[in-house]
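Visitor: The active site, proton acceptor annotation in Swiss-Prot covers Asp127, and the record cites sequence analysis as its basis. What Swiss-Prot records for Gly11, Arg72, Ser73, Gly102, Asp103, Gly104, Ser105 is ATP binding site. Annotation comment: Swiss-Prot describes Arg21, Ala22, Val23, Val24, Arg25, Arg154, Gly185, Ala186, Glu187, Lys213, Met214, His215 as ADP binding site, evidence class sequence analysis. The feature Mg(2+) binding site is assigned by Swiss-Prot to Asp103, with sequence analysis given as support. Sequence annotations record features per position, and here Swiss-Prot assigns substrate binding site to Thr125, Ile126, Asp127, Arg162, Met169, Gly170, Arg171, Glu222, Arg243, His249, Ile250, Gln251, Arg252.
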Amino acid sequence: MRKIAVLTSGGDAPGMNAAIRAVVRTGLDKGITVLGIERGFDGLLNGEIFEMTRRSVADIIQRGGTILRTARSEEFKTEEGQKKATDILRVFGVEGLVVIGGDGSFQGAKSLSELGVKTIGIPGTIDNDLAYTDYTIGFDTAVNTVLDAINKLRDTSTSHGRASVVEVMGRNCGDIALYAGLAGGAESIIVPELRFDIDKLCKTILEGKKNGKMHNLIIVAEGAGKANDIAKTIEKVTGVGTRATVLGHIQRGGSPTANDRILASRMGNRAVELLLEEKSSRVVGINDNRIVDMDIHEALSIEGKFDEKLYEIAKALSY
């Protein structure tokens with residue numbers, strides 16, 4: 001293995017830069033040339049490829065986003081686009097490709113591996129929705145971003161005796177809502193994995209009001225409901241003033257936490273090691289604080305891993 005390349009694809013996540021840094025510096029330490037591909041698979045199709053050095057990744061471990069930038073590509077989803085991508089990699093002499101991203105990015109890596117490209121995937125997505133790994137890069141930072149916001153919302157909700165409904169990211173996975181809700185002492189956590197009863201929630205809010213409760217904090221994953229709709233219903237049924245807050249893309253930004261920087265560094269290092277071991281079509285993950293790897297087809301076939309025990313703990317501590 002003499003030359004490898006790295007790209008970031010799909011939605012950005014804090015810690016991607018730390019992973020890029022680890023891939024580049026591990027590769028250079030092993031005497032490998034490392035190329036950077038800008039703007040994901042779209043940039044690959046346009047030949048946006050350059051050689052990276054140690055200076056290329058200096059002072060980026062603390063930065064959010066991705067220095068390689070990211071984009072989505074409709075052309076790459078076609079057989080012709082994937083064949084074009086493999087030809088471009090061959091022209092540049094790339095013998096191994098590291099793909100940092102989420103489920104869609106891994107699907108792209110899988111397609112390239114089936115065309116003979118040696119690929120390794122690193123999970124970078126704030127949603128934590130890849131079931132084969134305990135945590136994905138960016139998740140911890142996103143949870144802490146949400147926690148900071150709900151701490152502030154709790155202050156103003158208490159002052160006014162209101163309820164706050166906070167909508168966070170998570171179309172199919174409620175982990176951000178669950179972890180931030182538990183850490184922030186939310187009274188209710190609404191996730192796509194579990195059925196939600198608005199009438200029961202309103203009844204609980206009324207009981208709390210009768211017992212002197214000064215505020216209510218409800219966290220909802222975007223795939224489970226809309227904060228504005230839930231807030232309107234709560235206010236109409238209970239008479240309690242209720243405000244909705246949609247945190248949106250702020251959850252993707254910001255300097256990564258120590259946990260995300262360390263996780264990304266470990267995963268990036270292992271990805272290069274796997275290529276040097278002549279392994280391909282693998283994804284890196286973490287289980288029980290051990291860096292592991294798995295066949296990409298198997299990893300993508302594993303179903304969701306929602307932690308119902310953690311949810312029950314949050315529920316027990318909520319009122």
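Cβ atoms here come from the backbone N, Cα and C positions, even for glycine.
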Visitor: For the recorded positions Asp103, Asp127, Glu187, work out the Cβ neighbour count at 10 Å and name the residue with the minimum.
Guide: Asp103
Visitor: Let's check the environment of Arg171 (substrate binding site): how many other CB atoms sit within 10 Å of its CB?
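Guide: A 10 Å sphere around the Cβ of Arg171 (substrate binding site) contains 12 other Cβ atoms.
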Visitor: Just to verify a number: CA distance, Arg21 (ADP binding site) to Thr125 (substrate binding site), in angstrom, no decimals.
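Guide: Just about 17 Å between their Cα atoms.
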Visitor: Long-range neighbours only, meaning 6 or more apart in sequence with Cβ under 8 Å: which ones does Arg243 (substrate binding site) have?
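Guide: Listed in sequence order: Ser157, Arg162, Ala163, Ser164, Val165, Ala231.
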Visitor: With every protein chain in view, what's the tally of Cβ atoms within 10 Å of the Cβ of Arg21 (ADP binding site), excluding that atom itself?
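Guide: So the Cβ neighbour count for Arg21 (ADP binding site) comes to 24.
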Visitor: Please classify the secondary structure at Gly185 (ADP binding site) using three-state DSSP.
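Guide: Looking at the DSSP assignment, Gly185 (ADP binding site) belongs to neither helix nor strand, so coil.
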Visitor: If we check Cα distances from Ser105 (ATP binding site), which of the recorded positions Val23, Arg25, Asp127 wins as closest?
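Guide: Smallest Cα separation from Ser105 (ATP binding site) among Val23, Arg25, Asp127: Asp127.
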Visitor: Counting other Cβ atoms within 10 Å, pick out the least crowded of the binding-site residues Gly102, Gly104, Gly185.
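Guide: Sparsest of the binding-site residues Gly102, Gly104, Gly185 by Cβ contacts within 10 Å: Gly185.
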Visitor: What binding-site residues among Arg72, Gly102, Met169, Arg171, Met214 are found with a C-alpha within 10 angstroms of that of the residue listed as 'active site, proton acceptor'?
Guide: Gly102, Met169, Arg171
Visitor: Cβ distance under 8 Å to Met214 (ADP binding site), same chain, sequence separation 6 or more: which residues?
Guide: Thr158, Gly161
Visitor: Let me know the largest Cα to Cα distance in Å among the ATP-binding residues Gly11, Arg72, Ser73, Gly102, Asp103, Gly104, Ser105, as an integer.
Guide: 14
Visitor: Where Ser73 (ATP binding site) and Ile250 (substrate binding site) are concerned, what is their Cα separation in Å, rounded?
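Guide: Distance between the two Cα atoms comes out at 23 Å.
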Visitor: Nearest to Gly102 (ATP binding site) in three-dimensional space, by Cα, is which of the binding-site residues Thr125, Met169, Glu187, Arg252?
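Guide: Answer for the nearest of the binding-site residues: Thr125.
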Visitor: List the binding-site residues among Arg25, Arg171, Gly185, Ile250 whose C-alpha is within 10 Å of the C-alpha of Gly11 (ATP binding site), in sequence order, or say none.
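Guide: Qualifying among Arg25, Arg171, Gly185, Ile250: none.
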Visitor: How long is the line from the C-alpha of Gly104 (ATP binding site) to the C-alpha of Val23 (ADP binding site), rounded to the nearest angstrom?
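Guide: Cα of Gly104 (ATP binding site) to Cα of Val23 (ADP binding site) measures 21 Å after rounding.
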